[in-house]
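Per Swiss-Prot, the features are:
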type    : residues : note
MOD_RES : 395      : phosphoserine
REPEAT  : 182-222  : repeat 'WD 1'
REPEAT  : 228-267  : repeat 'WD 2'
REPEAT  : 311-349  : repeat 'WD 3'
MOTIF   : 223-226  : motif 'L/FRRG motif'
């Protein structure tokens, strides 16, 4: 979640970025002063597990599961991606691109770099560029989603700037898998489930959430977030078991939907006048316009969360902490909110804790009463905020780091420049160990 405003200013607490890792076990936060990682193993305490202040103005920071591999982009060099081993404090490699980096996605097979009109697919084991998807429709928000499943390793991105088409790309076989006509309006949010077999979508209108099978593109579920007003969807997130889907927006309500097939009950003859009227009403839907009929068949929220603010950009996560299902919301006001979810009854979720993203903690009573952190929403994306630097020529570059400045990098034919690794670090990094997954081949040519 990018938090920079149009002028490049950070959100509350100098925040520029916040995101959960792939299995929702940690939270990454980028700020004017660097970046931090927090463990999400406890509700009572937000444990800071790492802090880096060597790189300023971190606008993108993505961690690979619970490994030491991290991808970083800074506002000071918005076209440059650095891949680092954060526990050792070493840089593995770097790449420069022809335009501003808007998003980076990781799984154990691939690293995706999203520019406004192109997508770069890297092999995460050696960081080579495997494929480039060029001339994509303008995507200034950097909207894309990457499945975390090794077998169903799909990438989803907008196929149109005017309607809600989703392009699904197979990043293993490097070929297009499907095009899904998901919405009439342009896309606003995308999310895969953990198995990579379901894709949730929302449009800029924000009233309907749809779930499709992947790669077939068959519509499995359709949920109505609301009718009264159009909203800006900030985030979609599946639970790890794929049973629940959360949708957050710029309103004070987060909706949680339950993905279960509706069991058809055998028809019963009505015994009252109201029962008879209801039967006639349902029968009459076959004569109504298709848009109205769809509203009768759309699912409603299984559970809801009432946030103590309205208008903040945010990102949500459905996870299990201390054996209890939780909804986590990281917001541009500089706070992480933790709610309990009742998986049987649903209803309104209880707010358990609120933590400042600088590591301090506030109790629930302080949350409700305090309004000092209720700052305006950072509505503009990082892509519109970052200043465009000079064009990076397609020629070999050198790493400008002291004694290593003589080490030549390489240029990929597909347009990304860089990728050189430091020879001294190649022997020090033991990324073939299980604790340092994935194994990477560090090239020193």
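In case you wondered, yes, glycine gets a Cβ from its N, Cα and C as well.
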DSSP-derived helix, strand and coil totals, residue by residue, for the repeat 'WD 2' (228-267): 0 helix, 18 strand, 22 coil
Helix, strand and coil residues within the repeat 'WD 1' (182-222) as assigned by DSSP: 0 helix, 24 strand, 17 coil
Across the repeat 'WD 1' (182-222), average pLDDT on the 0 to 100 scale: 97
Number of helical, extended and coil residues in the repeat 'WD 3' (311-349), per DSSP: 0 helix, 24 strand, 15 coil
